[in-house]
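Q: Here it is: the structure, laid out below.
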C-alpha cells in the first residue's frame, strides 16, 4: 500500500543575523577548523530508535509493498533552483497597518507571509508514495475504493507529510483528524513504555492511535518555584496549546493534538489489556475512580489520577507513522540542559559555545541551525525548559525540519520568563528571515499573538485551555524575542 523511497536532498533557507540585516542565503555558519572530539560527541549523539512520547509502535501494521531501493540523489541543490531567487516580502508589508475585521486568525492566514508556497514536491520530497495499483486492506478502505479520500484521516495525515512540513496550512484533513481524536471510539489502551510520567497509547475504531496525557493539575496552578524543570509535571493543556502556537507561528511541526474528556471506567479500565495498568485502578475515599499506572515519577497512590467521579481530561496527540514504515533519528539538542541539580551544561558557562556548534555537522551547513533557532523561540514563548532531544525523519537526511514533540512542560509559569531558553538565539545571533517577519507581524496590535491563540484555542473541546495570564505572558515574551534579534 505504501512505497517508501528514501531520498537525499540539500536545500538552503534564508537566515538573519542580530547584528545586521537578515541574509538571504547562509551557506556555512562555522569558522575554519574542527571542534574537539568531546564537543563533537555531545552534539552528534543520536539514536535511530526514538523514544519520544509520540513515537508510534502501531499494533496494526500497514502492509508495505514496492521497491525499497534508494532513489537517485538529486543533481541540483535546492538553493540552486529558481525558487532561490524568489524575493522575500519586505518589512514594509509587515508594518503596514491593516484593519482586521472578524476573525483575526482568518486575517492572519490571508496575510502574504502565510501564503508563500513550499517548493514543488517530487517523489523524493514526500514521506510516502501511494501506489494506486495495489489492492488495499479492507480495514483501511471499507468502501473498496482505491482513492486516498477513502483512507481514514490519520492515514491521510501520514501521507501528507513531506520534507518541509508535517501538514500544509489549509489541509482539511487536520481539522477532520482533530475531530476524530475527540469522537472516535477507543478500542484499546496500553501504557507507553519509557518516560518519566504516565502516558497512555489509545487505539481507535478506525485503527488510528494517539498518545493520551491525563490532567494532573488545574489551569491556575503554576510550577512551584523550588521545582527543577526535570521534575515538573507534564500538563495536558500545554500539549494542546503548543499545537496551536506552532501552527500560528507557521512552523507546522507539532502533530495534531486535541483535548478530550475520557470516561476512565468505560474508555480506559474496561478496554485495556494491560494488566499492570488495570491493577492500579481503585476507588478513592471521595468515591472517585482513580489510577496511577507505572512510570519513573508520580506513579503512586499519592499521585493517583482521579476522575469526577470517573471523567478525566486529557490531551490526545495523533501518532506519527509507525517506525517500521518511517524511521526517525533522535538528535541530542546542542543546548540541552545538564539535568543535574548542581552541574551546569557547557553552553551555560561558555559564551562562545555557539562557535563550536557552528563547526559541527549538521549545524555547519544547511538549515539545521535555523531550525534550532525556531525551536528556541517556540520553547521560550511557552516557557519550556525540557528540550533535551529532537527528532527528524530519517528518509529526508539532514535537510528537513525538526519535529516539535513532547511539549507537556510548557506553560508552567506565567509570572516568570526563563531567559536562559533564549541563549541559543543570543549566542548564535541567527534566525530565519521568514520567522523574523512573522514575529514582527505577531507583535502588532492587529495580529496580537495572545488574541490569536485565544481564538484558536476556543475551538478545542476542553476550552478554555490557557488562563489569561499565560496568554499575556506570550505577548511579553514575544517582545523580548524581538528585542533579542535587534541586539
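Every residue gets a Cβ built from N, Cα and C, even glycine.
Nobody curates TrEMBL annotations by hand; they come from automatic prediction.
Pulled these features from TrEMBL for this protein:
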ACT_SITE  386  active site
BINDING   197, 213, 234, 317, 318, 319, 320, 391, 406  ATP binding site
BINDING   234, 406  Mn(2+) binding site
COMPBIAS  1-12  compositional bias 'Basic and acidic residues'
COMPBIAS  13-28  compositional bias 'Low complexity'
COMPBIAS  47-57  compositional bias 'Low complexity'
DOMAIN    281-485  domain 'FAM20 C-terminal'
REGION    1-34  region 'Disordered'
REGION    47-70  region 'Disordered'
Q: Considering each pair of residues in 197, 213, 234, 317, 318, 319, 320, 391, 406, all listed as binding ATP, report the largest CA to CA distance in Å, no decimals.
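A: Pairwise Cα check on 197, 213, 234, 317, 318, 319, 320, 391, 406 gives a maximum of 20 Å.
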Q: Within the domain 'FAM20 C-terminal' (281-485), what mean pLDDT does the predicted structure show?
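A: So the average pLDDT across the domain 'FAM20 C-terminal' (281-485) works out to 94.
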Q: Measuring Cα to Cα, how far is residue 320 (ATP binding site) from residue 386 (active site) in Å?
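A: Here the two Cα atoms are 21 Å apart.
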Q: To see if you understand the setup: which same-chain residues, six or more apart in sequence, place their Cβ under 8 Å from that of residue 234 (ATP binding site)?
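A: Non-local contacts for residue 234 (ATP binding site): 197, 213, 216, 408, 409.
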Q: These are the recorded positions: 386, 406. Which one scores highest on other Cβ atoms within 10 Å?
A: 406
Q: Rounded to a whole number, how many Å is the Cα of residue 386 (active site) away from the Cα of residue 318 (ATP binding site)?
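A: About 21 Å separates the two Cα atoms.
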Q: Tell me the Cβ neighbour count for residue 318 (ATP binding site), meaning other Cβ atoms within 10 Å of its Cβ, over all protein chains shown.
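A: Result for residue 318 (ATP binding site): 26 other Cβ atoms within 10 Å.
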